Amino acid sequence: MTVFHFFNCAILTFGPHAVYYSATPLSEYDTLWTSIKSAVVYLFTALVKLVCLATFLNVSESESDNFDPYQELLKALFGFIEVAGLYFALTQLTHRNISQNHKFQAVGLGWAFADSVLHRLVPLWFGARGLEFTWDYILQGLEANANLVFSISLAALGSLMWLRKNKPKTLIPIIYACAGIVATMPTITSYLRRGLGWHLPKVVGFELFSSLLIAFISWQLFVACQRPSN
């Protein structure tokens with residue numbers, strides 16, 4: 001039963017990444033190497049971010065469950081290290097002859113998969129195989145799905161910011177605002193948990209809803225920027 005629960009949670013956490021790759025044109029255009037390279041870039045930026053957090057943050061055990069605005073502001077600022085890494089993955093890595101539509105999806109997919117492996121694989125391996133059933137790892141899998149949508153949306157917004165030159169000027173503030181919201185989502189969810197005392201199911205529900213909303217807005221912005229200007 002414990003092994004069955006582990007495999008269920010693992011499929012819920014990592015399965016959507018494989019389904020997205022195989023069910024979209026990404027598999028037809030063989031963009032796997034692009035996703036792998038973006039995953040490596042994510043791991044490097046995560047290491048840099050971890051070093052910065054360990055250097056500049058000083059959180060005691062008594063403060064670990066409390067929302068500290070100063071500490072969370074620093075975390076949000078260091079979170080933009082990942083945005084810089086995403087910029088590098090979109091603009092500096094050599095990609096195969098694929099369109100902009102497929103490029104940001106491949107980069108976002110690799111980015112999300114690396115995040116899930118780094119932050120969820122070890123807790124899943126040691127926790128989901130426990131003797132006592134818990135919903136935490138199912139919620140963790142749903143949270144990974146929301147992060148997948150966030151990552152692809154952020155990559156789409158990044159491609160509009162850094163690769164699309166002829167985008168309508170009226171949409172530029174909306175693009176940057178949406179990207180800023182996605183980049184600071186960890187701080188937002190931290191405030192919901194520690195500041196407002198939301199429980200994990202409620203936080204995960206918020207993440208799922210907000211990820212779908214951001215994805216819809218990003219899709220509309222991407223379509224609007226592809227229309228020929230008059």
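Heads up, the Cβ atoms here are built off N, Cα and C, so glycines get one too.
Summarising the annotation, TrEMBL assigns transmembrane segment to 39-57, 77-94, 146-163, 170-192, 204-225.
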Quick tally over 39-57, 146-163, 170-192, 204-225 of CB pairs under 8 Å to the transmembrane segment (77-94) gives the top stretch as 39-57
Near the transmembrane segment (170-192) in space but 6 or more residues beyond its ends, with Cβ under 8 Å, are 67, 72-73, 75-76, 79-80, 82-83, 150, 153-154, 157-158, 160-161, 198, 202-203, 206-207, 210, 214, 217-218, 221, 224-225
Within the same chain, the residues 6 or more beyond the ends of the transmembrane segment (39-57) and with Cβ under 8 Å of it are 71, 74-75, 78-79, 81-82, 84-86, 88-89, 93, 110-111, 113-115, 118
